[in-house]
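Asker: Residues or ranges marked as active site, proton acceptor by TrEMBL: Lys166. The feature S-adenosyl-L-methionine binding site is assigned by TrEMBL to Gly53, Trp55, Asp82, Asp98, Asp126. Taken from TrEMBL, the feature domain 'Ribosomal RNA methyltransferase FtsJ' covers 21-208.
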Amino acid sequence: MGKTSKDKRDVYYRQAKEEGWRARSAFKLMHINDQFGVLDNVQRAVDLCAAPGSWSQVLSRKLYDCCLTDDQKSEVKIVAVDLQAMAPIRGVVQLQGDITKQSTAKAIISHFNYGDDKKAQLVVCDGAPDVTGVHEMDEYMQSQLIISALSIATFVLESGGKFVAKIFKGNANCMLESRLLSFFNNFQIYKPPSSRPSSNEAFVVCCDFRLPPGYIPQVINPARDDFRQVARLTGSAINQRLVPFIACGDLNGCTDEEDEDFTLEDLEMTYDDMINDVDFPSEFKDELEPVLLGEIAVRSAERDW
Ligand SMILES: C[S@@+](CC[C@H](N)C(=O)[O-])C[C@H]1O[C@@H](n2cnc3c(N)ncnc32)[C@H](O)[C@@H]1O
């Protein structure tokens, strides 16, 4: 029996089916909440990388469905974003877009631009790129998600707000830690019991958000922007000191729900997309091209064998 079909029968998978959650991931957010109370007193939240929507369902049930009056419901704001479209969820505004793109970040931010008392109290990000099996590529893509989620959080979070994001075990977590401690007074790494033991994923749970004095929020995509230039443009000395970290991590075992094996054809498509993307920075192209070509050659040889 294949590993995937065996995994699917685990207790959280079955319970998710029974209780109407779109994915077993719902239990990860619920376990994080049981442990840290991240949903306590929250009315406004952002769910980044939200599809198929089980975390948004948790937010909807805990923040929206439990309101007794329409007035209370009108105070709730949940904004969910993903590359993929999602079926509607009560009380959730959905945006389809890439969170590493400035246009998507701006669209999210525009929902929380109405003064300090209307900012978000919680930002969550369960993002994971399609895993190619090429570690350099996977780590690089994951780093973009964390950096983007944190950039967006610096715009939309109110003082004292909370941030939860998926990370992968890796060598650069101390860099991530120091970056998060610049923005949050409290920070812990937690692996919920519903996260498969075979997966290298864990979650950073950050509380008590505060912007460092003088810091001006900015959307940075280190893959596309010259971040020193972007930081200089703010005119803030602290922005120029806080250089974005490049996260590294081992995404082994990060695939969670379905059969997500990348085929040789997928790899060739990824390679073509990168080569034909005129906006893809040439220094990364130079680095990733030989890695991808090597992997394609290995897999072609395996197939022909
Ligand atoms: C593990 S799933 C999230 C599961 C979700 N929390 C749930 O409970 O249903 C990871 C999601 O990250 C999304 N994703 C990956 N890269 C993204 C990006 N650059 N922008 C937006 N979403 C992204 C994927 O489309 C995928 O839906």
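All positions are counted from 1 along the displayed chain.
Cβ from N, Cα, C; glycine included.
Burial and contacts for the listed features, if you can.
Answerer: Residues near Lys166 (active site, proton acceptor) in space but far in sequence (CB under 8 A, at least 6 apart, same chain), listed by position: Cys125, Asp126, Gly127, Ala128, Glu201, Ala202, Phe203.
Here Asp98 (S-adenosyl-L-methionine binding site) comes close to Leu83, Thr104: these same-chain residues lie at least six apart in sequence, with C-beta atoms under 8 angstroms from its C-beta.
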Asker: So which recorded positions out of Gly53, Asp82, Lys166 are up against ligand 1, CB under 6 A?
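Answerer: Those recorded positions that pass the cut-off, since their Cβ is under 6 Å from ligand 1, are Gly53, Asp82.
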Asker: Just to be sure I understand the packing, how many Cβ atoms besides its own are within 10 Å of the Cβ of Asp126 (S-adenosyl-L-methionine binding site)?
Answerer: 24
Asker: What are the sequence-distant neighbours of Trp55 (S-adenosyl-L-methionine binding site), meaning same chain, six or more residues apart, C-beta distance under 8 angstroms?
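Answerer: The answer is Ser25, Ala26, Lys28, Leu29, Asp47, Val124, Asp126.
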